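K.L.:
Following this message is one structure expressed as structure tokens.
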């Protein structure tokens, strides 16, 4: 199973790193808090999967420590998003809804693919594989919300608020995933 998980997390890391570049460039171009949050999350997911790849051969105690580190890494996008949202409040220009929605649709395809690849390992690799799966799952939920924000901005409320609200919700999802991964790592450490 370790060989299969290794190949899977390597592919997931590559996909996340590639889409980070695409989404970050578009987020900056259209001034979107939610796409910025999601793009930073793609970079964080690539980092998590690379760390998991390195940690797969480690002893259980060291993997548990790495799981605790990963919980901290999961908080980085949340903090970056809070900062971006704070800045957006000073210049509340709505992002362009068409690129926002289309970029989120591309992101949902990448994240859904990653979540499906990681789903079979979510209960078998401890906190490390759980961290990878939760990140991908949360990203799918975030992408649905970004698509909704784009549609709301386009058709109902031409405001920066749908984008800001979704960006902040993504930050909350990341914080909750960090808590879950930290708890799993603590249990692993107690058992080893």
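Cβ from N, Cα, C; glycine included.
Curation plays no part in TrEMBL annotations; they are all automatic predictions.
What TrEMBL shows for this protein is this:
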DOMAIN    11-185  domain 'Cation efflux protein transmembrane'
TRANSMEM  12-36  transmembrane segment
TRANSMEM  42-59  transmembrane segment
TRANSMEM  66-86  transmembrane segment
TRANSMEM  98-119  transmembrane segment
TRANSMEM  140-158  transmembrane segment
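Help me see these features in their spatial surroundings.
P.N.:
Under 8 Å from some Cβ of the transmembrane segment (12-36) lie the Cβ atoms of residues 42-43, 45-46, 49-50, 53, 80-81, 84-85, 88, 91, 93, 95-96, 99-100, 103-104, 106-107, 110, 113-114, 117-118, 132, 136, 142, 145-146, 149, 160, 163-164, 166-168, 170, all in the same chain and six or more residues away from its ends.
Listed as Cβ neighbours of the transmembrane segment (98-119) (distance under 8 Å, sequence separation of 6 or more from its ends, same chain) are residues 8-9, 11-12, 15-16, 19, 22-23, 26-27, 29-30, 32, 34-35, 38, 42, 45, 129, 132-133, 136-137, 139-140, 143-144, 146-147, 149-151, 153-154, 163.
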